[in-house]
Structure formats: structure tokens, C-alpha cells
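S.K.: Here it is, the structure, as C-alpha cells.
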Amino acid sequence: MSADFLKDIFKQLDKDGSGFISADELQEALSNGSWSAFNPETIRLMIGMFDRDKRGHVSYENFGALWNYVTDWQKCFRNYDLDNSNSIDRQELQTALTSFGYKLSAELLDTLIKKFDRIGAGHVLFDDFIQCCIVLQTLTTAFKAHDKDMKGVITIDYEQFLDMVFSLTI
Amino acid sequence: MSYGYNPYAQPGGAPPPGAFPPQQQQQQSPAYQWFAMVDRDRSGKINAEELQAALINGRGEKFSSHACKLMISMFDNDASGSIDVYEFEKLYNYINQWLQVFKTYDQDSSGHIEEGELTQAFTQMGFRFTPEFINFLVKKSDPNTHKEVSVDQFIVLCVQIQRFTEAFRQRDTQQNGTITIGFEDFLSVAIGCSY
């Protein structure tokens, strides 16, 4: 992606000309393929990843990485949306997660669909799919840090547990 | 909610006179009166938006939509996204328990408390956390200045901590403060109990 092209996108997104992309500005720019607004929680998670000074916005310096990240997710989403329905159904989600290396039970898969399907349609849209994957990634990283012998079982105390589960909430 | 003084119960104007006949005993309870004011479209149900429109902290800031959705979801048994007056009364009483604690430490009724006060509030509620963990919670709750926790964020924290603590207790079968948990169970709890 050329620097000029990126600069153009940045200028278009930065509606108030502050030199930063805020959560609202990013939300306005992204589409989930439906008429509903882009998942604010996904926006928050993504801004958080590329927000170096922890101010809730992204500077031009880090914008390229953020934009690449979004387009990578778009490619990934298209890959697993086999029927081109603009959404990932249960079967497609299972295929996607299996290819990411997860072996999840049917119950957990149901929990995921229920949790991340914001419109209650039984499948997940692009923005919800990203949220689902980031959440899984975050939790997996937290779990692995304790799973020294890689047995898939860990022993943790109360605060360690809270630390881990709170890594994504709030 | 009945945070006592100015901060919270400012539901944008009183109901029209006579709209809520006072003869029924139950409608005189604070929860019923509050419900009547919050239910702007008189649908007999309130949703997260109506709740949000009614809640303001001491600095004139709205409660986050996250907090309002969480509060509704806790008592929204049919998952309709709204609650009726009976469900609301439960929510009202539940939230008030946390607010009473918060109020004790919010000396200037600003709707915000600082780290030291949060520690005391948790202690009063029976939680003992290390300073590191409290600090972690404050940073998460206040990403900009890392200094204080707003009342709506406090409610979110309390609800989440209570849920996760319950999940932990169920698994701490020897009651020694540690659990041994598999990957899938961990994911289920973390995702299922969070909001």
C-alpha cells in the first residue's frame, strides 16, 4: 500500500482534522455488510491495539498497521464465508476456528455464537467475527502463559483467575 | 437510582400530573416511582436507552451504554432487551446495595472514587485484593488518567467480580483458594460470565 494512498484514507477518516482517528471516526468508516453500526466493542479492541499513547485514538504513525490489520481480517472473513452470505454461520465458524488450531466442543461453539451474534440471527457478521477471534486470542494467550507443561490444564489462584478473565472485559 | 442526593435520579422531568395515581400502595415505593419516570414511552418496559437517558453522575456525565446494557441484561429473563417493573425493582434493589457502598467513599458526590477509596469499598464488600490488582482495575476503568473509577464503571466492576468469584468458588472444591481448570472450561467461564 503506497504512503499517499494511506494518507488519503487517513484524511478521509479524520473528519475533525485532529490528526488522530477516534473510535467514532473509525466506526463510521467501517462496514459490517449490514445496515447496523459497526460493533463498538470491536472498534474499542482495535483502537486499543494501535493506540500507543493510550488516549483512545490512533495517530497517523500507527494508522498503517491498523489499516493492514482490518484488511487482513476482511480477507480472513471472506475466506471462511464460504457461501458469500456476508456472515459466518455455525459451520463456517467451526471451520475457521479449527483452522486457527482450536478444538472446541459443540457447547462452546454455541456459547460463542450466542455471545457474539449481536443481531440474534444465529450467525456472526464481520465485526462480531473479529471480536470473537480477538477475545479467543486474548484468553488463549493468557491461558498459555500459565500452561507451562502444555497439558491444557492450569492451576491458578483467585487473583490470577480474575486477572485473566478481566483481560478482555470491562 | 436512589443515590440519595443530586447525582443519579434525574430522569429528565417529572411525569405528568395524574399519570400515576398514588392510591396503589406498591407504586409509592421508590423503585416504582423511578420506573414510571424512566419509562418515557409508557410501554411498561424500560430498555437500556431509557435507562441511560435517566442516569447521570455528579459531573453531568451519562452512564456508559455498556453499563446500562449490563444492568438490563441481569434481570431481563426473557432476553427481550427490556425489563418490566417487577424486574426493575429487583435491579433497583441490587444496584442500590453497591451504590450505598460507593456513596460512602464518594465524599464530594462527584460520582467518582479514587484508588484508595476503591480498595476500602471492596474491603467493605468482603473482597480482599492486592494493591496491584486494584491498580489494574483502576487503569482498565479509567484508560485516560488512570486515577479514578466512575459510578457506572464501579457497578460494572462489582457485577463482573461477583460473577467471576462465584464461578471460581464453584471450582475451588477444596476451598484453598486455587483452582485447576482446563482450557475449554476456562474459555466458557471467561466468555459466558463476561458481558
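Keep in mind that glycine also has a Cβ here, set from the backbone N, Cα and C atoms.
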S.K.: Tell me which range among B:1-26, B:105-130 TrEMBL lists as region 'Disordered'.
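M.R.: Checking TrEMBL against the ranges B:1-26, B:105-130, the region 'Disordered' one is B:1-26.
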S.K.: Within the domain 'EF-hand' (B:26-61), count helix residues (DSSP H, G, I), strand residues (E, B) and coil residues, in that order.
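M.R.: Across the domain 'EF-hand' (B:26-61), the residues distribute as 19 helix, 4 strand, 13 coil.
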S.K.: Over the span of the domain 'EF-hand' (B:93-128), count residues by DSSP class, listing helix, strand and coil in order.
M.R.: 23 helix, 3 strand, 10 coil
